[in-house]
Structure formats: C-alpha cells, structure tokens
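> Below are the features I grabbed from TrEMBL:
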type     : residues : note
COMPBIAS : 1-18     : compositional bias 'Low complexity'
COMPBIAS : 563-573  : compositional bias 'Low complexity'
COMPBIAS : 574-590  : compositional bias 'Basic residues'
COMPBIAS : 609-620  : compositional bias 'Polar residues'
DOMAIN   : 45-80    : domain 'FCS-type'
REGION   : 1-31     : region 'Disordered'
REGION   : 558-592  : region 'Disordered'
REGION   : 606-628  : region 'Disordered'
REPEAT   : 141-245  : repeat 'MBT'
REPEAT   : 253-354  : repeat 'MBT'
REPEAT   : 366-456  : repeat 'MBT'
REPEAT   : 464-560  : repeat 'MBT'
Amino acid sequence: MFDGYDSCSEDTSSSSSSDESEEEVAPLPSSLPIIKNNGQVYTYPDGKSGMATCEMCGMVGVRDAFYSKTKRFCSVSCSRSYSSNSKKASILARLQGKPPTKKAKVLQKQPLVAKLAAYAQYQATLQNQAKTKAAVPVEGFSWGNYINSNSFTAAPVTCFKHAPMGTCWGDIAEGVRVEVPNTDCSLPTKVFWIAGIVKLAGYNALLRYEGFENDSGLDFWCNVCGSDIHPVGWCATSGKPLVPPRTIQHKYTNWKAFLVKRLTGAKTLPPDFSQKVSESMQYPFKTSMRVEVVDKTHLCRTRVAVVESVIGGRLRLVYEESEDKTDDFWCHMYSPLIHHIGWSRSIGHRFKRPDITKKQDGHFDAPPHLFMKVKEIDAAGEWFKEGMKLEAIDPLNLSAICVATIRKVLADGYLMIGIDGSEAADGSDWFCYHATSPSIFPVGFCEINMIELTPPRGYAKLPFKWFDYLRETDSIAAPVKLFNKEVPNHGFHVGMKLEAVDLMEPRLVCVATVTRIIHRLLRIHFDGWEDEYDQWVDCESPDLYPVGWCQLTGYQLQPPAPQSSRDSQSSSSKQKKKAKSQQYKGHKKMTSLQLKEELLDGEEYSFLQGASDQESNGSASYYIKQEP
C-alpha cells in the first residue's frame, strides 16, 4: 500500500544543489497553478498577509525577509538550487510535501503555538464549510446521469455573476487535475487519488482517475466546490495517503514515476480555492432584517417583510403581519422586488402600512447599501410620460410579452406599468419597473425579433398592428432612445441546461433549458413541462443558477416533471383558461392566452440563432423603426 508517495522508489527524488545559475525563475503566467514546483507563494492559513513559502525548500517565513524581488525563495542557495533542479525532482518535492532542506534558513519563524492555532482555525473553517454543503438528495434524479444520457451541455459558472464563484471561477476546465477520495479501494481508512476533469457541467465535473486512460468505467460526477475536492499536493501537506485504485493497481510498478510524467505541466485548483468558495457563500442579509417587498396579492404596492431564512442568497421573507409566518415570499437578495425601508415613500410608490405600529423585538431595518443599485438616469430632458405605449413582460404570465401602457411616472426613474385590456379598475394590478429594466421594450420589439406579441384582451382587430392601435387609442409610443439597449456578452447558448426559479412559484428552483436568446433576453423552459409555462428572463437575472447550485447551497431542486404529472397538468390547464391570478404565486400559471410557438425547421432555426448570438454583443438591430 502507498502512504502518500513515501513507499515509492526514491530514485527520482534527489534534488540538485548546484550553484551554476543565479537566474530567477519567471512567475507562472497562468491563473491556475501549474504543477511544477514544491511550494507556492500564498497566504498563510490564518489569513495573515505578508507570509510566503519558499518554492525550493518549503520553508514558511515573513515575505519581506525573502530573497529576490519576487520573494519566491528564502535564500540565494534555494534560488540557485531551484534553477538547476529538473522538473521531475521539483514535482516530487511538491507531491511528497518534503521538509525544509539543511540549507534553508529559518526566517522569523512563527511560534509553534501560533502555527497550531492558525491550522486549527483553518481546519474549523473547512469543517464548517463542509456542513453547509450537505447535498440535498432528489429521489430518482441525477444531473450527471441526465446530462450523460442526453449529451446535454450546461451553462458555465461564469454566466452567473451573482452565484458563488461566478466572478472568480478562473480557468477551471477539462484537464485540470484534483485530489479526490478513492472509492475503488478496500482499505478501512479514507484514501485519495488524483483525477482529471473530463467534462464540466456548471459546478459539477465528470472526473476520471489518473491511470484509467480512455477507460470510463469508473468515471464519476462530483461538485467542484464540494469539501472532498482538493488541489494536487493537498494530500502531502495534510498527511493523507494517496493510493491508486484497485482496478488499475497492477498497471504500473512505479506509480511515482507515472504521476511525475502525467502531472508535469498540468493545472490544478488554486491553493486558496476552498477559501474562495467559502467566502463567496457568505451573504450580507441576516435573519430578522426588515425590508420592503412587493405585495404578492396587490402588485401595485409594497409591504414590510422580515427575513426568515437565507439559503444561497435566496431570502424567505415573511410579511410582517403574518402571525403564523405562513404568508411568505421568496426572492434573491439582488431581486428588483425588494428595497430598503422607506423606499416606497421616497419615490412615491404605493405602500401598505402594517397594522403593527412598533417593531417586534429583534427585528431591525436592513441597511440600504445591501440592496441592488439601479443605474442612474437623467429625466431632465425627454422622458417617459403617462399614457405612452410600450411592450412589457407580464409579471402574472411570464411567457407573454404584452401591449402595455405607462400609468404613472415615479421618482428616480421608476414607472408604473399596466397591461392593456387586463387592468383592474383601481389599478391594483399595475406593477413597477425601472426605466432601465430589461423587461420593458419599445413598440415593435416583438415584431423585429419574431416574438408573438400578446394583444389587449378582447381586441378584435387581428392580426395586431401597432400603427392602427396607436391611432385608435390616440396614443404615442415611448421613444426608443429611452430604453436600455445594453447587451452584455453573457455566454449563454440555446440548449444549455441550468437551474432556474419558477417565478410564478418563486420558492421552487427547477431543472431548466435555454430555448431562445434574443439579445439579452432568454426564454427559459422547465424540463418536463409544457411550453406554455416557459418564462422570459433577463440574462443577468439573479433567479438563474448553474447546474449543481442547489446541491452546493443545500436548496431543494425540482426535477423534470414525470409523464403522469405532465398529462394531468396539461388537461387541467386546458380547463383553467380563465382570468389571471393576481398573485406572484401558483404553480403553474393560469393564463388567459396560450402562446403558440412557431415551429422552425432546422435550417431556419440555425440562421435565427446565429443572428441572436451575433447580436448578443451589440444592439444595432435591437429595435424596429417606428412607423410614422
């Protein structure tokens, strides 16, 4: 058996101490560590800056006392020895976690007690992190099997800037090597082995143990951000044994030489990857914080709610007047539907005053800086006016883009919008969008982008023509230049899998697919459900997540609906074609109109999608020219 690499032959482990060269080795250019040395400059486990590790001997010391401008070596001797060492010897040193050589000088070493305390703190952090990453089992559903059996692709983590590691995912890709538990072993203790990433699907990676070459028999899926995945070299520094899988143990007599050859020049995770994951899963919102949130029974107003729980940045808000805490609302902390206390009054938005005149003990207002900031606007010149027409996503039927009217102009760029033909007499179903919202569009947007526009309910003059409608209603269209035309390079493509919130039942996060891309607008289909339940969502929506997000955060994932549920839901939905519900709730939506999706043949579909991909980086043809 192997105890790390100590039981392997030592014929390649000798290190040269030649003083032939004084050249310093250039810093590694890659954002991911390349496995070629026995130590790296990094922050010490207790988080203190200014510490460094000698890349030759592994000695930890004060960075300022290290030799050379790059501070990579503790002494001239180590710098020269490093320059003359072979790649094989330096890899072995790192994998074996060798102790400092005799030539190494102890540079202001920390007291042993301080080091032990720092290490204990570091291990406690890892343990706490592991507790928060307990996988939530979904009976009968596995992302890995689902993707493998259908050859699906998943949206990369970098598409989701609001998700953990979304902005610091780096170059994690196929070919990166990691150390993971070895499940093909009969030893009573937990042992590890090196594996390479074969395929990435969001946070999940298909891994293959080193030595299996093209044999996929023991490939397995694992969450890259999980507590059991480590950078190469972790076992050596942590005293964990590396043991080759039993299936291939007979293939090589010198596993040490095999690994040196396989790992030379390969990439691994950054040494602080686990720490970054932990930091990216810290959320500023805390339980008992008070916020203003949309009233799900009357969209035209807001109410006070209290944060009851925080899971992965998603907030369960309980309306303050709910005594049994069952009247709740789910949304992400970056949702445009929540605001700081006092927001409604500051912009002139309708607000339901709570019956409770005094804050309950322990409740406190969430600081304003925690909320998502909207872009500043200049309403001094030409601006939106009441009565102007536009197109807008219906918040009560997110599969539809409808004919809409600006009913009221509020302060700070906020607008109250009503859906033509569906408005309540008292305006209780008006909803608030900011002028820069990606959910409102100028007249003609649907026509130029081949999206079916939902006309006003009861409007008989079909097919709907904007020119005729504006003349009949004696209205004007909102100027095109007032709308948000920014299209980020989001990285989504048609067919990509992800996890998405069903915004009509926002407590649910479901298996979903991107089926259309119109600039920054995504059409999200919930796998296993009818197309009429699709939803239009912005590419930067905080309600979209990478594959594996639910497992990482401990949130419950809703698998694709089984055939029996689809059949029953389909038959019931046909009987429920009545007026829309007034609530942001109720899986699945009750719609007054069923959108018909045009079935495009393969050639036309490829052409349209190509156009969408090209337009995703610009807005030259974003809007149609308005008729005079």
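Every residue, even glycine, has its Cβ placed from backbone N, Cα and C.
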> Would you kindly check 141-245, 253-354, 366-456 and say which stretch has the most C-beta pairs under 8 angstroms to the repeat 'MBT' (464-560)?
141-245
> In the repeat 'MBT' (141-245), how many residues does DSSP put in helix, strand and coil?
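Looking at the repeat 'MBT' (141-245) with DSSP, the answer is 16 helix, 29 strand, 60 coil.
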> Roughly where does the repeat 'MBT' (464-560) sit in mean pLDDT, to the nearest integer?
96
